[in-house]
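Student: If you scroll down you'll find the structure; I have some questions about it.
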Amino acid sequence: LSREQAAKQDLERAKRRLEAELSERSDQEGDNKRLLEELRQQVAQLESELAQTQQRLDEETHAKTLALKNVRELESTVQELRDDLESEKAARDRAENQKRDLKEELEALRLELIDTGTNSEAQAEALRKHEAELSNARKQLEVDAAAHEIALSELRKKHATAVDALTEQLEAMKRVKLAVENSKTQMETSNADLTNQLNTALAAKAETEKRRRALEQKLNAKMMKLEEVEQQKADLEERLAKATAEGEALSAALEESENKLSKFARSEAANATTLQELRQSLEDETRAKLAIQTRLRQAESEREGLKDSLEEEEQGKMALEKHVQLLQQQMDDVKAKVAEDAKLLETLEDTRKRLQRDRDEMSNRNEELQAQVEKLEKSRKKLQGELEDANHALAAQRSDQVTNERKLKKLEASLAEAQATATRLQTEKDQNDRDMRQRETALLTKERELEELQERLEDSERQRTNLAKELDDLVSHTDDAGKSRIELEQNNFKLETQLKELHQSFEELEDEMAQLAMEKQRADLQINALKAQLERELATKDEGFEEQKRQLQKLNRELKEELEDEKKQRLNLSQQRKKLDAELSEVKQRAEVADRQRDEFSKQLKRLQLLSMDLKRELDASMKSRDDALTAARDLEKRLRATESERAQAVEDLAASERTCRTAKSERDEALEEANASQSAKNLLIEDKKKLEATVMHREEELEEAQTAREEAEDRYKRTLSLMEQAQIDLGLERSNTQRLEAANVSLEKTVKELRDKMAELEKEGGKRLKLQVTALEGRLAATEEQLEAESREHQKAAREARRNDKKLKDLMQMLDEEKLSTTQMKEQMEKAQSAAKRFKGAMESMEDEINQLKSQRRRLQRDLEEITEQKETSERELLTLRSKINRNFRTGRMGSTGVSRPSTRTGGDNTPDDAQSGADLDAANSDPNVSVTLPNSNHTSAE
């Protein structure tokens, strides 16, 4: 009974102990679970912080690259602006040189006109008109120069503002760069701190895992129920893991869909902005074209006026130089020329209109192609960025896979170490169990010895009581038996000594039992504490291992899923690429058809507009030509009247000249003067010819320069045409991409709605972990939204760059138009110079004719002089003969009869004065050469 009671007590004690241990273990398990949850939360927070830091670093690197790109682009724009300024300066220098040359030519022409012109009223009127036109042209040149200077000042201001803006942007980019570098250093320090914390947490986790592994085998028997609970828990966690994986997949899909949606929205906004910009650019171009057309009309009207004035001047010169009959013929010729010029002007106007249409169409195509090129370049850059992102993601996944494999190897090694420590702890446990069993056996033997001793004590007490009774009986029965009494006393003393020894041994045994019980209790307490610690450590290590296993399984699954997704994505991308190629071909065909239709419609509209404008211009031109013809007819009538009056005056002058004889001296002097004047005119004409040849050479050089500039402009035009074709191709691609993106946007919106519904269901079904995952996903979504915002900024920047490029294209087109205008002006100037050269050549020929006429007159006068000298010589000879005859007759009269001496003397006296007078006259004639013409007649008469 005592044994059974003792066993019951022991069982109750063990039961109480086990219950206490179970309660402690359950408390420890709760504490461990809390600690695990806290550690998980900390790990998740650290992972989210690491992800955020990585995203920030990626964003900062991306911003840095963008800043560098912007800096390069700004440098390129600065260089382009500098080139434009240099080209503007060169154009200004050329314009100034042309202005100077034109001024010099105008002065030369004015001087030539003054030298070659006469003092008639028509010439004065023509000169006044020409000077008024020259003053107007000078004023226009001054206005153009002022406008050019204003434009140059505006360009300089724009360049200065652009340079200032670029410098400010560069400074801002430098500041952003410094801030990014500072934030990068801070993030690196925080990342290092987080890595250190993670390392410490992992080290603590490894130590707990080691302890758990060491105490794992000791609690296998008592943890069956706990294992069943843990199995249930593992099932629940697997379900939760599956749910989390599904949630992550859904969140990834959501993120991708939202990214695509945002990209599509941004692309749509960019396309809308580009469309608006294209419309604005088209409106600006139409306005510029209208302004250019008005300028062309003004220039044409001015050109026509100048042509008319030049023709009038030429006609006036020809009318003044030629006779009245030639003027009538010139009127007929002028009318024919006017008709031919009108026809030529009409043909030139038609060709100009055609060229204008072609230029407009080519400019429109160029703009469209440029826009398409820019859009295609953007799409290509986007695809390159996506490919680079995919490559980076693959590399990151591979690196993660490698790191996970390393972690798996490390975990396997740690598991092997834990197993070794577990086996070692199991052997120690077995040894401790053996020691405990040996001590229990020793306790049992001691207990048995105690029981035997107690039995012996009881037997000895019984014997002692019996012996005391016997002694009493003996004392009472036997008084004389002293010896037996002594023996009995001796036996009693021995028995007492034995009893004392037994008492002492019993006390020692009780002390030993108490010590053993205390040691047993201590050992039990230590074992219980060790078991509790081992159970806690094993639970924590089991949970950590399970979490690591689950994480590794998740990572493996995620990697496998990512690989499968990548394969699927590649297949989808290939399929989408094929579909996109097919769609692109279809869209290209449609776009080509639409472009053709649009071009046809635009051409028809332009043709109608141009026809209406041409009709208006033709009407205006016809009205102007009619008015010009009327004015020309009136001028010709006036000139005819003036020529008739001049003819009448000439007739009167001829009559007066016939009446008044000119002497030989005046004719000779006039001939000599005319010869000298002709010689000086000839010299002047030679000098003018040299000047004209120099101007012609200069104009030919300018024509060659203009031709080279025109060839360069044509090369630039061809380049712009090629760029426009590429831009058209890119525009078709961009349109197909927008259509495809719109379809994908609709499908993604549907998928987003479905995923949101699934997320709502999962949020209802899931618990705290799902909420935490959802928060993490929300953080990722926020990060993706930030990335999307950064991409939107990049798109905006790309749109700004596109606008800049459009502006540059517009500037280039304006430059081309200006170069074309300059080439046309140079051609007109060359034509004017050629016409002036022709006129000067005609003037030279007329002057040469006049010189020839003067030469012929001079020859005639020389012949007349020679004839007069011959006549004078003959008259002198005749005079000598007459003198000799008279002398002979005089001598014979003296030598005649003497009776007639007085009459002879009287006659001689009568004749002597006459003879003396005649001799005096002859002497005077001989002495005075001016009377060489009249003397021979008198001599002949006297001789007769």
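Any Cβ shown, glycine's included, is placed from N, Cα and C.
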Student: Name the residue range among 1-34, 477-510 that TrEMBL annotates as region 'Disordered'.
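Tutor: Based on what TrEMBL states, region 'Disordered' spans 1-34.
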Student: When TrEMBL marks a stretch as region 'Disordered', which of 80-102, 701-723, 747-769 is it?
Tutor: 80-102
Student: For the domain 'Myosin tail' (1-886), what's the mean pLDDT in this predicted model?
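Tutor: Summarising the domain 'Myosin tail' (1-886) by its mean pLDDT gives 68.
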Student: DSSP-wise, what's the residue breakdown of the region 'Disordered' (80-102) into helix, strand and coil?
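Tutor: The region 'Disordered' (80-102) comes out at 23 helix, 0 strand, 0 coil.
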Student: If you run through the compositional bias 'Basic and acidic residues' (866-880) with DSSP, how many residues end up as helix, strand and coil?
Tutor: 15 helix, 0 strand, 0 coil
